[in-house]
Amino acid sequence: MDPLKAQQLAAELEVEMMADMYNRMTGACHKKCVPPHYKEAELSKGESVCLDRCVSKYLDIHERMGKKLTELSLQDEELMRKMQQGVSST
């Protein structure tokens with residue numbers, strides 16, 4: 001595959017993944033923090049604080065999971081490299 005096309009595809013996938021994460025986060029936090037029947041047009045103080053905390057936690061967990069998955073991926077790559085070296089040296 002052409003490197004430019006691969007880079008473009010990776011960028012498109014990243015945008016799609018970020019949009020998916022945003023949609024899940026807003027849906028989950030809205031469901032948790034905002035009652036289904038609105039009393040007022042504006043968010044209450046409690047709803048606003050709840051949404052702020054929910055989004056903060058969601059983003060924190062997303063970042064932690066990304067770091068852990070990267071770490072595991074690097075470990076897998078290292079293991080595969082060692083296995084290939086072991087096979088090629090015999």
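Keep in mind that glycine also has a Cβ here, set from the backbone N, Cα and C atoms.
Feature annotation from Swiss-Prot assigns disulfide bond to C29-C54 (among others); the stated evidence is similarity to another entry. If you draw a 10 Å sphere around the CB of C54 (disulfide bond), it holds 18 other CB atoms from the protein chains shown. Secondary structure at C54 (disulfide bond), as computed by DSSP, is helix.
Under the DSSP three-state reduction, C33 (disulfide bond) is assigned to helix. Other Cβ atoms within 10 Å of the Cβ of C33 (disulfide bond) number 19 in total over all chains. For C33-C50 (among others), the entry in Swiss-Prot reads disulfide bond, with the evidence type similarity to another entry.
Taken from Swiss-Prot, the feature motif 'Twin CX3C motif' covers 29-54.
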**Q.** Neighbourhood of C50 (disulfide bond), C-beta criterion under 8 angstroms, separation at least six
**A.** C29, K32, C33
